Amino acid sequence: MSSPTSIADLRKSYERAELNEDASHADPLNQFDQWLNEAISAQVPEPNAMTLATVASNLRPSTRVVLIKGFDAQGIVWYTNYASRKGLELAGNPYAALQFHWVELERVVRIEGVVEKVSDEESDAYFHSRPLDSRIGAWASPQSEVISGRGVLLANAAKFGAKFMLQPPRPAHWGGYRLKPDNWQFWQGRKSRLHDRLRYTLQGDAGWLRERLAP
């Protein structure tokens, strides 16, 4: 197997911005809010996309990309099928990690913490705000299960569309999760691979400890 350019030779010099303690927020949530809004303003493709890492009971990790749907002092929220692989792994081990990578801004945000389900009221409110096709899709897809072909999904969508018409209820197996952060890291690419990297660690009632890490 060969390619015109060696993968080992692919590299980029990061020179867009810097991340200094004096200019960063003392609260990581405020720093995240600033960076996310800057990614949106810069029209970064899907700035709300984040990688979610979970670990199974056999200690085997897995990742997938999900979309952030909200955040506040309580944590980071996304929605999914509770019976999916990630849902089953979170049921057995509630610790998880998230990562945002905004390539165009040469920035990465990493978040670690414990995950819990959001309330039924929150899940209901978000579910009913979704487009009709997406709500039907939550019923149609037995997420992470083996299926014989795409026709299974299309048949399920037709079946549930006919059953629920314009008012599908939220499936009991579908809803939201909230990761409650206890560790944040903000990475800003810099020249010569001497990147800026700030870590925030929760110190109980004392709040957040901000430290610079070597890249």
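Cβ atoms here come from the backbone N, Cα and C positions, even for glycine.
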**Fill in**
Note: Swiss-Prot has Arg64, Val65, Val66, Leu67, Ile68, Lys69, Tyr79, Thr80, Arg85, Lys86, Gln143, Ser144, Trp187 binding FMN, and from Arg178, Arg197, Arg199 that site also includes Arg197
**Prompt:** Given the binding-site residues Arg11, Ser13, Lys69, Arg130, which lie within 10 A of Tyr79 (FMN binding site) by CA-CA distance?
**Reply:** Lys69
**Request:** For Trp187 (FMN binding site), find which of the binding-site residues Arg11, Lys69, Arg130, Arg193 come within 10 Å, Cα to Cα.
**Result:** none
**Complete:** One finds that other Cβ atoms within 10 Å of the Cβ of Ile68 (FMN binding site) number exactly 18
**Message:** Just to verify: the residue among Arg11, Arg64, Lys69, Arg193, His195 with the fewest other Cβ atoms within 10 Å, which of the binding-site residues is it?
**Reply:** Arg11
**Fill in**
Of all C-alpha pairs drawn from the FMN-binding set Arg64, Val65, Val66, Leu67, Ile68, Lys69, Tyr79, Thr80, Arg85, Lys86, Gln143, Ser144, Trp187, Arg197, the farthest apart lie at a distance in Å of 36
